[in-house]
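Per Swiss-Prot, these features apply:
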type: BINDING; residues: Cys162, Cys165, Cys184, Cys187; note: Zn(2+) 2 binding site
type: DOMAIN; residues: 5-70; note: domain 'J'
type: REPEAT; residues: 145-152; note: repeat 'CXXCXGXG motif'
type: REPEAT; residues: 162-169; note: repeat 'CXXCXGXG motif'
type: REPEAT; residues: 184-191; note: repeat 'CXXCXGXG motif'
type: REPEAT; residues: 198-205; note: repeat 'CXXCXGXG motif'
type: ZN_FING; residues: 132-210; note: zinc finger
Amino acid sequence: MSKRDFYEVLGVGRDASEREVKKAYKRLAMKFHPDRNPGDKEAEASFKEVKEAYEILTDSDKKAAYDQFGHAGVDPNRGGGGHGGADFGDVFGDVFGDIFGGGRRGGGQRQAARGSDLRYNLELSLEEAVKGLSKELRIPTLVACEPCDGSGAKKGSKPTTCGTCHGQGQVQMRQGFFAVQQACPTCHGRGKIIKDPCNKCHGEGRVEKSKTLSVKIPAGVDTGDRIRLSGEGEAGEFGAPPGDLYVQVSVREHAIFQRDGNNLYCEVPISFSKAALGGEIEVPTLDGKVNLKIPTETQTGRMFRMRGKGVKSVRSHAVGDLLCKVVMETPVNLNERQKELLREFEETLTGQSKKHSPKAEGFFDGVKKFFQDLNS
């Protein structure tokens, strides 16, 4: 049986934040957890499905692979690996522990959370995308508090062991015949208490701040490309590792060129006389103007390829081409002398359309035959 889409499993959109994914996971994991549905095989299968979706969509690398390749990109049988099925004990700790501020790993203490990943949408001109550049980005984020060095405790003091749970992060509560472990209500699962909190971060260990980063954009990027800056996301809780920053690239439409992969396309207007007699015209490229030789009797719509005048691939040394489509432009605002010359020219073609305009002659012959067949 084919797997369901992970976003569908959790009931979130593809643009859902990590927080939204986690919220959906908690709700569904609690609903389908085997301890709440003893003997229910369907609930157990749904629980495993929710667990797997959550593990993929909260891991930035696995999520990127899934978004690009679907289930094939995260299939453990395609690379040797995998979690080997859902661990009910771990998930019980993840879900119910997080609700109270802690889990059961690490001897019962809630592990300080890694910083959240950030996304920055960067819009570039075609010239910037093709040639590459360095960009200064101003990112609003959470950074480690400097006065307390991220500990949350005022300088000169430090967190103390919680007296309620004795540093375990959990306490045992009795409900009828059952003893239930839950996060310590005093320290919220950390196992430590900040008695003298830092004045700047108020015991949080992190503060809001905008930071400026210089990001090198490689030549050849295109809309949809993503640049990962490891460790430049939000600071983690109480010294935990920071998240990553993902720069999402989009390229504005250009007035002259259209891009398709590494090739560029443009339309170049030419005069009637230039198309008939041939000659040279100037063609724009991203490196400046170049001359293009137009053969005699060139028809409108003809495509000319200028090799190596396209875009350098961001993933190799290959360079695309510039494809120029010539479009014959009908002259306008003619004076009487110019019109008279065209009439004289037209008269010289009378009776010679097959010689000078073979396509038109063939077209009208076809129209004539069509009506003859229609009336026969």
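Just so you know, glycine gets a Cβ as well, placed from its N, Cα and C.
Here the features listed in Swiss-Prot are painted onto the structure.
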residue: Cys162; record: Zn(2+) 2 binding site; CB count, 10 Å: 21
residue: Cys165; record: Zn(2+) 2 binding site; CB count, 10 Å: 24
residue: Cys184; record: Zn(2+) 2 binding site; CB count, 10 Å: 26
residue: Cys187; record: Zn(2+) 2 binding site; CB count, 10 Å: 27
Other than Cys162, Cys165, Cys184, Cys187 themselves, what residues in this chain have Cβ atoms within 8 Å of the centroid of the Zn(2+) 2 site's Cβ atoms?
Gly163, Thr164, His166, Gly167, Gln168, Gly169, Gln170, Val171, Pro185, Thr186, His188, Gly189, Arg190, Gly191, Lys192, Ile193
Distant-in-sequence neighbours of the repeat 'CXXCXGXG motif' (198-205), which means Cβ under 8 A and at least six residues beyond its ends:
144-148, 150-155, 237-239
Using DSSP, break the zinc finger (132-210) down into helix, strand and coil residues and give each count.
0 helix, 35 strand, 44 coil
Can you check how the pLDDT averages out over the repeat 'CXXCXGXG motif' (198-205)?
91
